[in-house]
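The compositional bias 'Basic and acidic residues' annotation in TrEMBL covers 915-936. For 945-954, the entry in TrEMBL reads compositional bias 'Acidic residues'. Under the heading region 'Disordered', TrEMBL lists 915-983. Look at TrEMBL and you will find 88-109, 121-141, 147-166, 173-192, 212-232, 244-269, 320-338, 347-365, 377-395, 407-426, 432-450, 858-882 (among others) tagged as transmembrane segment.
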Amino acid sequence: MTATSKRSDLRKFSGQKKESFLHRHKYLLWSFLIPFLIMGVAFAVAGIAPFGNKQILVVDLWHQYYPFLVSLQNKLQSGGSLFWTWDVGMGVNFFALMSYYLASPLNFLTVFIPQSILTEFLAFSVVFKIGIAGLSFAIFLRYTFKINNWSLVMFSPMYALCSFLMGYYWNVIWLDTVAILPLVVTGTVALMREGKFKLYIVSLALSVLANYYIGLFTCIFVLLCYIGYNICMWDGFKKFMKRFGRIALSTLVALAITAILTLPAFFALQNTYSTTSTFPKTYAINIGGSNDLEGTLIAIQKVISNSIAFVEPTSKEGLPNIYCTYAAMFLGLLSLLSGKIKKREKVFNVFMLVFFIMSFIIRQLDYIWHGFHFTNMLPYRFSFLFSFVLVTMAFRAYSHMAFFNKWDVMLAGILSLIPIILAIGVQETLPIVLTVVILAALFIIVYLFTTRKISRKTMNGMLSIFLVVEFIASAALGINAVGVTTKDGYPREGESVSKLLNQIEEKESGTNEFFRTEMTTTQTLNDGALNGYNGISLFDSMANVSISSFAENTGLTGRKSGNRYSYRESSPVTNLLFNLKYLIARDGKYNNTLYMEEIAQEGNVKLMENTAYLPIGFMANEDMLKYEVDKTVDNPIENQNEIFSYATGIDEDVFTILNVVSQGHTDYAVFPVNKTSDYKYSFSTNNSAVAPHLKYNYEMPEDGMVCFYANITNADSLTLYVNDESQGSFDISKAYVACGGVFNKGDKISLYVDLDEGASGTATVVCGYFNQDVFDEGYEILSQNTLETTAYTDSSIEGTITVDEDGLFYTSIPYEEGWRAWVDGEEVEITPVGNAMLAFSLSEGTHTVKMSFIPKGFWPGLLIFIGGVAVFIIMCLVAWITGRKRDKGLYKTFNDEQTGYPDDEQALIEAQEREERKRLEELERKRKEREERMLQEGEYYSGEENTEPAEELSETTKRVLEYEEMQAAEDSKTEDGQDSIPE
């Protein structure tokens, strides 16, 4: 007989009717549905597809998360490797990328979703996760405080629709961990209170797996909860250490289970850009301005002011998102006045709130919270923890509402005015006024209840109305702050580009050649993933800094501190080094007419093939290993001369740097421009009202191509003139080697840049004439011995190559630990060029070559994962066996002392039924006494409100469904008449 059937028999024996699953969990269901429906309706009203032509793709969700999701979906549907991807960055560690961006379990359901509705699925997943946040918070409240009534539905959306989730919902990679935080805390309570470990281990592991960055905040919060629980429930050092042992072991098991993702991610993080930010040596603050008491007080004022209602949440930069309805603020403050809550609990709650506020303000604490670095945008990423604590405090006040008097309510109302007063001068007038209205309504409702003017049921109904108003406003303000984009044009020229990519596939069918494709200009910085081709551009927080530096150094637009590099139409040398075979011009414009042959067109979109293309691997001079990024000059055109010479052995430069023949800047008296070194200038404006310009003039020495590089302070656009006629503008917000075009001998080439009013700064401007003869000679050398690809997968390449003489086999594969190479079946040592591109030596002759990638840390991570799962299973078995023994011990007691029944399972059940009858009679007696006492105290009690039993998940048949409210009121009392988290 199963535990479920035994509970059913006991329920029947005690007179309870058998209830359906939905009825038993109806409040949990509503706790999910209300935030789910409110956010879903808000999306629909905003016209988000399928209810319109809008989408939630903004900021990094536009540039990173969605393109990477497309890449994951393609891998899942095609059975590709999750170790590596060729879609972006010439190839990146996809496993590390996935661990940060794509580890949400819902993302793996995209294998069943058509790509045509992937944005709709993404929007649905956001709404679903917000619903899960409400559900998990309701589970936390029900389990921790043993209450199962409508109050769960009132309070759980406060967390699910808090300003953190409303301001950062577009940051979909964080939502899972934030949503299941209450489950982790529930597991912590179960572990501390009853020694139950399953929920804690599973939820914590899932939290860290879904996003290890936000998972760090969860782990810190668990530590704080552990400390708080022991402070509030102190019962001796022995039990303190026993609880410590429980949580330490369970945490280690949970983290071991995550090692399959987190260990490879840890090693990959060692390759990323390390900011120069360090731990502040002196007292420093965010927000307030001056690093003194006055600045600190101003910062505190601003932070607290952001807790009022109807204020747009921070979506990119701004104050901490701590709002979670003003009802939470009012009731949270009211909880501090409760005589039914232990003083230690109240003190610890206040400490937590103050600690979070000071963590927002003091840069040292902010630095520690964010993994020992300062964030770039999206500040105060742990502020959802503040909302969790405040809503929990509010729930505690509500649970003891019958024991407050009117003076408590009046004092709480006065205290609740403080954030509103602090908001004056910081927030706009309308939110302040509306918050006053909300506070007045809350005060009146609670006051009427505490003075016995209305019943609890009436209070619940009135509070629910005002809460729904705040919930809806929170969702609407969040969408307004975050914004939306249109589905049209995403991807840009998507249909035409798709047709041209199909033509490339048809053209290359029947071959195993590996090649890359790119766009003349970018849309997302991850266009390869978005459109489905092997690309060069990349924007990824996990970007390998060595690759970023090499790409930026050799002429791609990039910024290693920004974890990005991207391709824009560049020089033939760039294309040769990075295996570019096809180029797509979405606007129909391209400048390299020497080596780009137009082969197809769809609408305005043109497809070109590179006639100076080299395969992914080719033989080069060993001197190529001399190229060191750190020793090159701040001039990518000169750097291309150097690396091309090293590779080919040709002494002549592939670019001739042109001298400036004249300048046409704004008048020197107003805008002095001075040369500081070769190609470098400084400039300033003597009149702040003047918007100056820079203009450098050159003369073409021969017919041919011109490329240029311009890195100018605060300049976004450069216009190229030929004989004073505009040839178009170039985006130079991120400097790169741009292909200017092909011109005639004697042409006047002008590089013109408009600057802002009062501009000052520096300019590096280089114009290079492309020596076609030198390039053709070098191309002939390098094309002699190239790799013929015989097979390739998402994480490996195989091929054959005939080598005429010993040399260096260079590949355009970004190198990081995890790549291995074999020549004729024997592993060889890899010596990357520029500490970036995979290369190794090859001797004369014909060779088979194989290169494959497995992320560093994957195999030990897998072993630790298996070990963690094994320990968890053993712990479950031990707990099950121990539970069985307890049941047998219970039976023996009854058998020996009371029953005389034979030693079988039926005897055990009957013994339990007798014990249960006595217990239920005692509980019924206590319930009646409590009703009489509450009526005498003036509370309008409804017997239907708090008698909904919470479903007990224990396998032990002794613990059946109980009268939960009665247990919370009676069994958890302490000697001084106060209560705390039920023990």
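Here the Cβ of each residue, glycine as well, is placed from N, Cα and C on the backbone.
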Cβ contacts the transmembrane segment (173-192)/the transmembrane segment (88-109), at least three under 8 Å, sequence gap 6 or more: yes
For the transmembrane segment (88-109), what are the same-chain contacts with Cβ under 8 Å, counting residues 6+ beyond its ends? 64-65, 67-69, 71-72, 75-76, 81-82, 121, 125, 128-129, 172-173, 175-176, 206, 209-213, 261-262, 264-265, 268-269, 516, 526, 528-529, 535-538, 540-544, 547, 565, 578-579, 794, 812-814, 816, 818, 853, 855, 858
With the cut-off at Cβ under 8 Å and a gap of six or more residues from its ends, the chain residues touching the transmembrane segment (407-426) are 301-302, 304-305, 307-308, 326, 329-331, 333-334, 337-338, 432, 435-436, 439, 443, 446-447, 450
Selection from 121-141, 147-166, 347-365, 377-395, the stretch that has most Cβ pairs under 8 A to the transmembrane segment (320-338): 377-395
Considering only Cβ pairs under 8 Å, which range in 121-141, 347-365, 377-395, 858-882 makes the most contacts with the transmembrane segment (244-269)? 858-882
Chain residues outside the transmembrane segment (347-365) and at least six past its termini with a C-beta under 8 angstroms from it: 224, 228, 231-232, 279-280, 283-288, 296, 299-300, 303-304, 320, 322, 335-336, 374, 380, 382-383, 385-386, 389-390, 392-393
Residues from the same chain, set at least six apart from the ends of the transmembrane segment (121-141), whose C-beta lies under 8 A from its own: 27-28, 31-36, 39-40, 43, 48-49, 55-57, 66, 69, 104, 106-107, 109-110, 113, 147, 151-153, 155-161, 165, 169, 172, 175-176, 178-183, 185-186, 189, 388, 391-392, 395
